Amino acid sequence: MRLRNKQWAKPLILAHPEMILVRPEKMQGHWQSRFDQARPLYLEVGSGKGQFIVEMAKTHPDRNFIALELQEAAVAMILKKQVALKLPNLQLVLGDGADLTDYFSEGEIDGLFLNFSDPWPKTRHEKRRLTYRDFLRQYQAIMKPDALLQFKTDNQGLFEYSLVSMNHFGMTFDLVSLNLHHDKRVTDNVPTEYEEKFSADGGRIYELVAHFKH
């Protein structure tokens with residue numbers, strides 16, 4: 001979902017280079033230097049307004065987190081929260097998920113989250129889906145062997161597409177849930193803003209957890 005431009009977004013981003021990087025091509029292999037100490041490194045691609053990644057950083061102080069978001073207005077909303085919270089294990093990136101191998105080195109990421117990505121339902125836009133094979137190839141390159149990819153969506157079509165895409169890519173599924181909020185196997189779900197609204201209206205949430213075969 002596109003957010004309206006916010007006049008305060010760019011000045012806020014420019015004022016906090018210690019918390020946010022813009023298209024960080026020179027950070028490959030050096031991400032731990034952005035945190036107060038080295039910890040396992042987790043990446044969310046498409047962080048939206050940031051409720052999920054902020055809560056994860058608060059809940060798991062033993063991990064480092066990176067929130068990557070393409071929209072300036074959205075990442076600025078996360079930055080507003082981080083300016084107030086000053087979480088030592090959270091860094092923000094204004095950048096494109098299509099450029100991950102420019103931002104991260106091979107095997108640098110311990111886990112990756114895709115939450116409520118744009119479904120791009122038209123066939124001609126298939127290559128823009130974050131579970132298209134070209135994206136999967138980048139995830140595989142930057143993730144450690146057996147690192148987990150967690151994917152959540154409310155869009156049944158995108159979920160089914162993602163299952164097929166990942167299966168064709170040779171991934172192994174650790175969890176497939178057709179109704180996440182009623183799945184007793186999942187006890188540690190952290191919802192996004194959108195997820196809370198959608199499920200409160202009776203919507204169904206789909207989730208899969210998978211890893212690459214090496």
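Each residue, glycine too, has its Cβ placed from N, Cα and C.
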Seminar exercise, completed: Out of D62, D96, D154, Swiss-Prot lists as part of the substrate site with K122, T192, E193, Y194, E195 the residue D154
Problem set entry | Site-mate of E44, D96, D118 for S-adenosyl-L-methionine in Swiss-Prot, selected among E69, E72, E106 | E69
Exercise. Looking at 46-51, 124-129, which one is region 'Interaction with RNA' according to Swiss-Prot?
Worked result: 124-129
For this session: Please state whether DSSP places E44 (S-adenosyl-L-methionine binding site) in a helix, a strand or coil.
Result: strand
Exercise. Using DSSP, would you call E195 (substrate binding site) helix, strand or coil?
Worked result: helix
Problem set entry | Residue among recorded positions E44, E69, D96, D118 with Cα closest to the Cα of T192 (substrate binding site) | E44
Exercise. Using a Cβ-Cβ cut-off under 8 angstroms and a sequence gap of six or more, which residues of the chain neighbour E44 (S-adenosyl-L-methionine binding site)?
Worked result: F52, I53, M56, F65, I66, A67, L68, L112, F113, L114, N115
